[in-house]
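To keep things clear, I will list the structure first and then write my remarks on it.
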Amino acid sequence: MATAGVGAVLAVVVLACALGARADGSDHKYKEGDHVPLYANKVGPFHNPSETYRYYDLPFCAPEHPKDKKEALGEVLNGDRLVDAPYELDFKEDRNSKVLCKKVLSKQQVAKLRDAVAKDYYFQMYYDDLPLWGFLGKLDKDKEQGDAKYLLFKHIHFDIMYNDNRVIEINVQTDPNVAVDITEDKEVPIEFSYSVTWKKTDIPFEKRMDKYSKSSSMPQHLEIHWFSIINSCVTVLLLTGFLATILMRVLKNDFIKYSHEDESLEDQEETGWKYIHGDVFRFPKQKSIFAAIIGSGTQLLALAIFIFLLALVGVFYPYNRGALFTALVVIYALTSGIAGYTATSFYLQLEGTNWVRNLILTGCLFCGPLFLTFCFLNTVAIAYSATAALPFGTIIVIILIWALVTSPLLVLGGIAGKNSNTEFQAPCRTTKYPREIPQLPWYRSTIPQMAMAGFLPFSAIYIELYYIFASIWGHKIYTIYSILFIVFIILIIVTAFVTVALTYFQLAVEDHEWWWRSVLCGGSTGIFIFFYCIYYYHARSDMSGFMQTSFFFGYMTCVCFGFFLMLGTVGFRASLFFVRHIYRSIKCE
């Protein structure tokens, strides 16, 4: 398994490179007149963040020999395609209306630009690794006559702030008064120009990224975040109080009742969770896929914890391009051993025989749907000629990471799980034949129980969900990772508490098939998140078009499935701990 070791080292190197210094090796120090790198990134409809195109797909002024910037894995996954921009913004050199180029736009080019203006196209660039945006034009509507003019901005003004020998801030201004009318289908002569103004500032270089995170840290937003946490904490306290008073009191009474040795025969016929002690540890059906869910869910939980640790130490600062995507890919690969070990060891505890098939199922359970979704969405992006379409080289890199890191570590984990020889610790012996489950009311069936189980955890996180969605599927910035981590911990606790409570009520009515129910109830929050996706798309966003809709629902379905696996595992582990505890406390005959 030397391949796994080599692959793991390569994966760590990729992660370190992506999370460390920029690839160009710049120290961001310049002398007056020095060339400061400016890269044009992409253009696209403002309301469709996934639908972005290369900057020069539109007929802008271009250098004679534009060079693409070499990008890390995460940057490519993020849809960044940086290329040299024609503007000359040399350090501390002002420019007054310098002509960039003169050209005559053909009818086809005018139509293309008019469509871009109608869809609120914006452009994004990076100047010394600082992001800047601007709109291409403006739709000027005459309310009285009902006419509309399509105006294309032809002049850009750059306001740049510096401190000593470093660039601190850059802003872009476009003047609607300096625009050309592209409403009609005809050739349009145009002269693109730009101007530059440098200003001194006292902001230190180390704090130049703070302005991008201030929006999420403004007092009114912080109040909402803290309200979200207080709401979640109240939910946790109510659940804890419920378990501590009602559930534990009931359990105490149960323990007293079941511990009496002089109970009459009639009393023995009473209903209760003790009387199914011979069935409660009967292994579930479809044990292979059950163990695969537990293995994959454990891996995703470990992935989430590692991502939060990186976020809390400040790795994912605003516009550290692609760092999050790189971390997700590499850490998922490195944690695949956890999935292999957990799934195989648990599968063998359930007296499974074909552990190799179980290991393959574990490796494909989450990656399989994600890969199929990626293939479909990448095809859509290629058809649209969008930057979201991954280059062939990047696909090869991902395949190599999977082949050299993910798969070998998954196998190593599986072998370690097979050799662990851990037995399932059941306090009670399982009878030969299963006890018949009594007829139960409809609200005790699986779907109503899932609805009850998913609602409380979802109510603890729904406020924070909006800000996360607005960051991923919009242009807002989310940087309050400490609050997000607290909400995540609350989500785990609430999921565990709710699932334990429902498991107890299930056992109390002599329904011993709790294994799958605990997974489904714990993971049901993922279904609630998917319904929130539908609500967010239609009510809280302006996304439109086949490509953006496909990307939103395609990838969010995979994310919701990941939440289902992770929280389903949390629910089952909590229920298993609880069931073992209560059956150890009584005498099982």
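Glycine is no exception: its Cβ is also placed from the backbone N, Cα and C atoms.
Curation does not apply to TrEMBL; its annotations are automatic.
TrEMBL lists 1-23 with the feature signal peptide. Feature annotation from TrEMBL assigns transmembrane segment to 224-247, 289-317, 323-348, 360-384, 390-412, 453-474, 480-502, 514-537, 552-579.
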Leading stretch by Cβ pairs under 8 Å, where the reference is the transmembrane segment (480-502) and the options are 224-247, 289-317, 390-412, 514-537: 224-247
Using Cβ atoms only, state whether the transmembrane segment (390-412) and the transmembrane segment (514-537) have three or more pairs under 8 Å that are 6 or more apart in sequence. no
Remote residues contacting the transmembrane segment (453-474) - C-beta distance under 8 A, at least 6 residues beyond either end: 49-50, 216, 221, 224-225, 227-228, 231-232, 235-236, 239, 483-484, 487, 490-491, 494-495, 498-499, 502, 521-522, 524-529, 532-533, 536, 540-541, 543, 552, 567, 571
Listed stretch, out of 224-247, 514-537, 552-579, that has the most CB pairs under 8 angstroms to the transmembrane segment (289-317): 552-579
